[in-house]
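Notes for the one structure printed next.
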Amino acid sequence: MASSPNLAVLHALDTARTQWYHVTAIVIAGMGFFTDAYDLFCISTVSKLLGRLYYTDITSATPGKLPRDVNNAVIGVALVGTLMGQLVFGWMGDKLGRKKVYGITLILMVICAICSGLSFGHTKKSVIYTLCFFRFWLGFGIGGDYPLSATIMSEYSNKKTRGAFIAAVFAMQGVGIIAAGLHRFESTQQEGDFLWRIVLMLGAVPAILTYYWRMKMPETEHDKLAQFKAQNEYPLVSRMFVSRHGLHLLGTMSTWFLLDIAFYSQNLTQKDIFPAVGLTDPANTLSALKEVYQTSKAMFIVAMFGTFPGYWFTVFFIESIGRTIIQLVGFFMMSVFMLIIGLKYEYLKGENHAMFAVLYALTFFFANFGPNSTTFVLPAELFPTRVRSTCHALSAAAGKAGALVGAFYVQSLTLEGKTSQIKKAMIGLAVTNALGFFCTFLVTETKGRSLEEISGEDGGNRDGKSAAEIIDKEDQSSAW
């Protein structure tokens, strides 16, 4: 049974009013996700340019493309690094404390974003090898941001605003995706080699700008609270954890895995689908830089009118509608729209490009006003303090395993722009989202409940003792 002073502290934290340090925490943690999204998704357009620059056959009238294996490696290697980083830094966050490893992830992201742009050498082998090396470690750093940012934000927030705050951090991913589609440079073919390098190195800028403030963030696992965590001593691999949270962990891992198959497939295959349906001009009629411009423009439009609003709808409605309802509706609507695109693809491709764009944007909207946001929020709330970061990391890593399916398999179906293959991909993703809908029933609603109540750490008893006798709440705000 947890002691009553501990419960009084936790009650005070859960009923505390929103303060300026909450907003600051959202911005600092959110800028990490801006960087994450920019770094992971700008490679989609960069890969087009790399193909034109390094794999064009001068004897052929067809513009160069990265070979399938090279394309998958360039795009997928960062996802492999992200998966591994999530597991390592998630575990370290529970063992060493959130703050101690938070800065390490940012330093790694800065160094590797810059080095990704340098990618020493000008031959295609040297460029691709070094690019893949540094993007793996870039992904490793990005991976650490997922469990640490989510856990820190959940532990800063009160129960009435916790979901909105965590969703707001994740919503910065939408801004990063928009930024990844903003590279509209008009230039000569010879300058293309500079362009892709600059695009990749720009990912270091927001991380550099937030490093100082990230290092000033106070540790959320306060020493005075940690001593009262006796009920939370059971390890992750134990009968007690399995009985209390086994289905929850299975639910968060399976839904994030299924969601990211669809979400990363959507984002990474845009560059192939847009020309196939006429939203961009055929590659053989464009210069390399013009192709990047048109692809980026189309990505920006879809992100601005589909992706970005979806994130913020979640922020505004998650506390009133609830996490699981938003996730169920999102999975359902994504499945419906992708099934329509798959079944009616010939018609949409040949006769109604505008309708295709609307349907495609709606899949992004309901991904983000849906499971792409809630799968990030729920693991930060469902699990006990001692293993919260690790459980979030396991869930996020399952998501990145799904992203790898999107990068290495689904993307291979769309790479050549063939109608039959794109139809197959879309129908398959509709089925994937339907599975995500049913797996959502494995998790429980967390709206309006304290973290301790959800995890069973509260012992079911509060005596209302003043928290001022145990912990000075001003310590947190003054630390900023």
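The backbone N, Cα and C atoms fix where each Cβ goes, and this holds for glycine too.
It should be emphasised that the depicted structure is a prediction, and the values quoted were computed from it without experimental measurement.
The feature transmembrane segment is assigned by TrEMBL to 20-43, 70-89, 101-120, 127-144, 164-182, 194-213, 298-318, 324-343, 355-373, 393-413, 425-443. Residues annotated as domain 'Major facilitator superfamily (MFS) profile' in TrEMBL: 25-448. Summarising the annotation, TrEMBL assigns region 'Disordered' to 453-480. The feature compositional bias 'Basic and acidic residues' is assigned by TrEMBL to 459-480.
Most Cβ pairs under 8 A with the transmembrane segment (127-144) among the ranges 20-43, 164-182, 298-318, 425-443 are made by 20-43.
Mean pLDDT for the domain 'Major facilitator superfamily (MFS) profile' (25-448) in this predicted model: 83.
The highest tally of CB pairs under 8 A with the transmembrane segment (194-213), across 101-120, 355-373, 425-443, is held by 101-120.
Tallying C-beta pairs under 8 angstroms between the transmembrane segment (324-343) and each of 164-182, 298-318, 425-443 places 425-443 first. Comparison of 101-120, 164-182, 393-413, 425-443 by number of C-beta pairs under 8 angstroms to the transmembrane segment (298-318) places 164-182 first.
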